[in-house]
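Marked as transmembrane segment by TrEMBL: 66-91, 103-121, 162-180, 192-216, 311-334, 346-368, 377-398, 410-432, 444-465, 477-495. The domain 'Major facilitator superfamily (MFS) profile' feature in TrEMBL is assigned to 67-499.
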Amino acid sequence: MPQLNSSAFVEGFIDGEKSQDPMGIDEMTGEVEQPKEQTLSHLENGGKVCHEDLFKKQHLTATMKFLLFFVAFGSIMMGMDQGILATIEVFAMPDLNLNDNQWSYIASAFSLATAVGTVFAIPIGEYLGRKRALQISAAICFGGSVMQTAAKNFSVLLGGRYLLGIGMGLEAMNIPIYVAECAPAHGRGGHLSIFNWFQMAGSPTAYVVASIFIQVKPIWKWRFMAGAEFLAGLIQFCGLLILPESPRWLIMWKKEKQLVSSWSRLRFDNAISRFELEKMRDDVEDDLKNRTTYSDAIKLIFTNRRVRTPFYIGAVLGMSSQFSGATAIGYYMITILEKLGLTVTTSVYALLPINFWSTCWAGLPFFLLDRVGRRPLLMYTFPPQIIAIILSLTSFYVPLSKLSERAELYLIGLLLYGAFNNIGISAIQWVMAGELYETEVRSIGAAWSAFWIFASAFVTTFTFSRQVDAIGVKGVYGLYTGFTAFFMVVLFFIFPETKGRTLEEVKEVMNSGIQGIMERNVAKGIQVIRNVMTRLKSKNDEYHTYVVEQ
């Protein structure tokens, strides 16, 4: 499944602005001058508090620690699904007498349902509460997992896949928001990364589960593998029962008694926590005063070019992340390796370290995005992805008699693709979902970006087996190579840089529309080429001077 980089997405979504300060300090008000060296004990003895103190390290309460674990743990299902389904395909299809056409519905149902779930996720979270929305999603995921595990026919299995996808769509949008609204400001980015870690850890976990049950009788092994998913939903649901509601949501709905109880469990009673609560009250009140209705927001999108432009970019980013085959190939990975010449058991064992490898690379964007920039990182990682896909494609031209060379070439391509995809588009698509859209349309924009990511995953997964039948595995890989190159060119022209820019500066970028962004990007590209040519000419002149002197 597409990977959700929740830290950057929610920091942009909650704080409303992406600036050089990742937590949006420049939006906070009410600062009181205070020496930076003051300590918490000084504050407790009557010292004044300013917003900078919110970012001083504080100890977490036991409830906050439980919240970070149980809430984020549910995201492991999203990471597990791809690996689990790729493995059970070869066992479930003969057991349930399914054909390739029916399995394409099974494989793609999760992505389609997740796209639907993301559309309703934020409204449900806002009206029912973050905790209740997650309880509903966990219950839906649990029900869907039970259905797919116990399925005796195509219809029940398909229904279970749809339920599981809807539940994960609700989770994907509400987990990071719930954590962001509950976690202390000083470590919010790190706390949000727990969600990412569980999600990424789901993929190697799936192959760990598969390797454990691979030796079980065929009629049961796929059910044991599928059953591992409902354990994650059950654990999360049980954990949510003892957790409080989001303080920010309780303030929004003026539930004062519940707010006092929730805040006392999430924070220790000290000057900083009391200041943080009052600051939160002020922020929520300001948000409510300036809130735009959905109808006004939709009208703004259609009538204002500056507001509309990010929606074009968000849609293209969503498509580009999936039309390289990232999700589709993942769901059919075991089948592809079988066509390559490997056995199912060998494939499962080979994919286990590869998925651990990809998980390790997923952490790099946290360090690179604000140092290198969004646009350079995206542009630098596209060519290696294209090379990786070509390497995997080339492996199918190696004779079957040279199986080890054939497999090695394919897996090298897979290793390269996993690394650069996780560093580049996989992370950047979610970063931009939090940074591109203006405050008035941010909830709609976030759902729009998520919709295109999961809808594109559905299209590529649904059509994969049909493409293989029509043009073969080589043809499909060639098609994905072409798509990746095409979107790299398109994004070169329309993708803006938002690193270090305030909300007002991002608005300025969008003011000129897609055409203005293209003109600036082309001008910068020409300037880069000129600089490179100048440096090459300088080096060449130095070389000739050296030769003459010798």
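Using N, Cα and C of the backbone, Cβ positions are placed for all residues, glycine too.
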Do the transmembrane segment (377-398) and the transmembrane segment (477-495) share at least 3 Cβ pairs under 8 Å, sequence separation 6 or more? yes
Taking every residue in the domain 'Major facilitator superfamily (MFS) profile' (67-499), what is their average pLDDT? 88
Taking residues 6+ outside the transmembrane segment (192-216), which of them lie with a CB under 8 Å of any CB in it? 3-7, 10-11, 68-69, 71-84, 87, 175-176, 179-180, 183, 224-225, 228, 344-345, 348-349, 351-352, 355-356, 358-359, 362-363, 366, 422
Are the transmembrane segment (66-91) and the transmembrane segment (477-495) close enough to be called in contact, which here means at least 3 C-beta pairs under 8 A that are separated by 6 or more residues? no
Go through the chain and flag residues at least 6 beyond the ends of the transmembrane segment (444-465) whose CB is under 8 A from any CB in it; none is fine as an answer. 1-2, 9, 13, 100-101, 103-105, 107-108, 111-112, 114-115, 118-119, 121-122, 169, 172-173, 294, 297-298, 301, 310-311, 314-315, 317-319, 321-323, 325-329, 331-332, 429-430, 432-434, 436-438, 476
Distant-in-sequence neighbours of the transmembrane segment (477-495), which means Cβ under 8 A and at least six residues beyond its ends: 312-313, 316-317, 319-320, 323-325, 329, 374-375, 378-379, 382-383, 385-386, 389-390, 392-393, 396, 467, 471, 514, 517-518, 521-522, 525
